[in-house]
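Per Swiss-Prot, the features are as follows:
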SIGNAL    1-19  signal peptide
DISULFID  C22-C46  disulfide bond
DISULFID  C25-C32  disulfide bond
DISULFID  C39-C67  disulfide bond
DISULFID  C73-C94  disulfide bond
DISULFID  C95-C100  disulfide bond
DISULFID  C118-C143  disulfide bond
DISULFID  C136-C165  disulfide bond
CARBOHYD  N176  N-linked glycosylation site
Amino acid sequence: MKYLHTICLLFIFVARGNSRSCDFCHNIGKECDGYEKECSSPEDVCGKVLLEISSASLSVRTVHKNCFSSSVCKLEQFDVNIGHHSYIRGRINCCEKEQCEDRPFPGLPLSQPNGYYCPGALGLFTEDSTEFEAICKGTETKCINIVGHRHEDFPGDISYNLKGCISSCPLLSLSNATHEENRNYLEKVECKDAFQLARL
């Protein structure tokens, strides 16, 4: 249930979205039905986000439809190894029309540890989360660190912190993050080379 609760809140990771109307809904699974809402600046496109959190044999997916900032759409997808055999994956598709096509989730590759590691963490409602060692695998040679907060009418202010191994640095930075009247704010976006494990 902890992972289920976590993934349902992860839509805060992407900004919500001038006078365009988009579908708005959240649900567990691959599809959701909601209502149409009018977007406010700087959110200028409709979007659909699929999120997945995988831990060992357990995998849970959620879908989120909303208004988005086109700058956040540049992220397109992310696969973060947060350690303890757990991954957080997202597929973001923005479109001019109401029905956005899905970006599929390929199966996780059966990759072996590659001799690198990163700090791993997943924190919600806090910017300071307990770190542990995430052992990088396959092509994962970068460390990602994202810290921010978002204000929602419910449940209110939500802080978040995501750290782990990633294959390449995403096109997401403080310069193209949206600052919508303090609704969504990225405090830190870091992507650097992973650390090499000590050889025995």
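Positions of Cβ are set from backbone N, Cα and C atoms, glycine also.
All features noted in Swiss-Prot, drawn onto the structure.
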residue : record         : contacts (Cβ under 8 Å, 6+ apart)
C25     : disulfide bond : C32, D33, G34, Y35, V63, H64, K65
C94     : disulfide bond : V45, C46, G47, F68, S70, C73, C100
C118    : disulfide bond : N81, E133, A134, C136, K142, C143, I144, K163, G164, C165, A194, F195
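Geometry remark: C95 (disulfide bond) versus C22 (disulfide bond), CA distance 10 Å.
C39 (disulfide bond) is surrounded by 21 other CB atoms, counting those within 10 A of its CB over all protein chains shown.
The most densely surrounded of the disulfide-bonded residues C32, C73, C100, C136, C143, judged by C-beta neighbours within 10 angstroms, is C136. The two recorded residues C22 (disulfide bond) and C39 (disulfide bond) have their Cα atoms spaced 7 Å from each other. The disulfide-bonded residues C22, C46, C67, C95, C165 differ in how many other CB atoms lie within 10 Å of their CB, and the one with the most is C165.
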